[in-house]
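Record features (TrEMBL):
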type: ACT_SITE; residues: A:His56; note: active site, GMP-histidine intermediate
type: BINDING; residues: A:15-22, A:40-42, A:57-60, A:Asp89; note: GTP binding site
Amino acid sequence: MTPANPLPKLTLVLGGARSGKSRHAEALVEAQAAPWVYVATAQAFDTEMEARIAEHRARRPEGWITRDAPLELPEAVIAGPAGAPILVDCLTLWVTNLILAQRDVAAAGEALLAACRAVPGPVVLVSNEVGLGIVPDNALARRFRDEAGRLHQRLASEADSVLFMVAGLPMRVK
Amino acid sequence: MTPANPLPKLTLVLGGARSGKSRHAEALVEAQAAPWVYVATAQAFDTEMEARIAEHRARRPEGWITRDAPLELPEAVIAGPAGAPILVDCLTLWVTNLILAQRDVAAAGEALLAACRAVPGPVVLVSNEVGLGIVPDNALARRFRDEAGRLHQRLASEADSVLFMVAGLPMRVK
Amino acid sequence: MTPANPLPKLTLVLGGARSGKSRHAEALVEAQAAPWVYVATAQAFDTEMEARIAEHRARRPEGWITRDAPLELPEAVIAGPAGAPILVDCLTLWVTNLILAQRDVAAAGEALLAACRAVPGPVVLVSNEVGLGIVPDNALARRFRDEAGRLHQRLASEADSVLFMVAGLPMRVK
């Protein structure tokens, strides 16, 4: 059965904290035929993060195949099942993990794009927009902000659809 | 007399600091027939805040009925006069006050929505978007950001009109 | 030769860090006939800033006349050549420099607007949106945020075109 609103090949959902990014992205994927693949980049370092992960997980209905990929995201994207819609949540945590592991973020971004192109189904990437506040005091936060911003630009240039979430509502950027 | 641009029942005006939210919301309300009700949530804790409050107050013309409601916002919304357009400025300070008073923000948000539905006139809610910078260092700021974001999503889902202000100009989100 | 997409008299390009503001603004100007005037407000206080300036400079092709104006921006805008498209990058650094030099930011903004009106060619102003995060801890950062926000509103009210950049893509605000 063809879904009412087929997803384009690559969708990028950007937005601030608690802007409804994950919920909107999940709704986009769940409008397609199951099964759906959920690739989680979060690593629980503390109880606050554990609670956030648990809250996200509890919200998702049956039909989701969940896969953890704090670092090896391209591999998780191509792991199948073939043709299943894929949701990656979220790229900002992935960038954090890459920086902490001293990986090349730009090269990893290209590998992610190649993986998105290699799979037959649609991919939805969720990421936090973090560059709209005052310049952070510490150099690591500035580096993270720069790497995330550059990755967003690169992915947005290749994406078929780019959404900017405000208060749970999508604004179409592309 | 029917105003040229009647306001919908519920309008949410979001934006960053100094994005022209208050000014735009005031203009929306002042385009309706007076009297207008101004519900202020600000509590002046220091001279910087006092100066901001005085600046906002000095800008407003005759015709405004001003009411302070740092915590009891739903009560202030339904206090009349019946049918008068109501401006609430701003929700972010209300959320701060609620957290400091150890109130349940989600329950308060539902009470606010009920009050907005109960009054016969239009309501314009102003709030700061605070989730688009780097993750804050301290847990209280993160909690505030989460509570504000969740409240925005809930109100936006019920609002007839949602605006995102950039440099004094409204972008229509809904 | 008339360019395919003539620029309006005054364009304001806003966006977060690494949102592709400079690149987009450069593309707008480079679509006009050369020579183009690049007015840089950056002052390199440290090696991180030096690296950013060098990266921006290396990206720009032949045809640009570069001028440094950490403070005397209006003078740099009217310095000619007459009719050449002008790119100012960026206003947020200019505001920082003005505050540190204890100049009146509002008066400087009016002088900038007058200079933009006085030149015969189009002007593109680039600036960082910094007001969408948590309220900064320190008073100087809050003052900077307020001054920048007020300047953006003033310029946007006079601009023919206002763009908000998200992940390298322009959203039209005006």
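Glycine is no exception: its Cβ is also placed from the backbone N, Cα and C atoms.
Known features from TrEMBL, placed on the structure.
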residue	record	Cβ within 10 Å
A:Gly15	GTP binding site	28
A:Ala17	GTP binding site	22
A:Ser19	GTP binding site	27
A:Lys21	GTP binding site	24
A:Ala40	GTP binding site	20
A:Ala42	GTP binding site	20
A:His56	active site, GMP-histidine intermediate	17
A:Ala58	GTP binding site	7
A:Arg60	GTP binding site	16
As a whole number of Å, the Cα atom of A:Ala40 (GTP binding site) is distant from the Cα atom of A:His56 (active site, GMP-histidine intermediate) by 10
Among the recorded positions A:Ala17, A:Ser19, A:Ala40, A:His56, A:Ala58, A:Arg60, the ones with a Cβ under 8 Å from any Cβ of chain B are A:Ala17, A:Ser19
Rounded Cα distance, in Å, between A:Ala42 (GTP binding site) and the residue listed as 'active site, GMP-histidine intermediate' is 11
Whole-Å Cα distance, A:His56 (active site, GMP-histidine intermediate) to A:Lys21 (GTP binding site), is 11
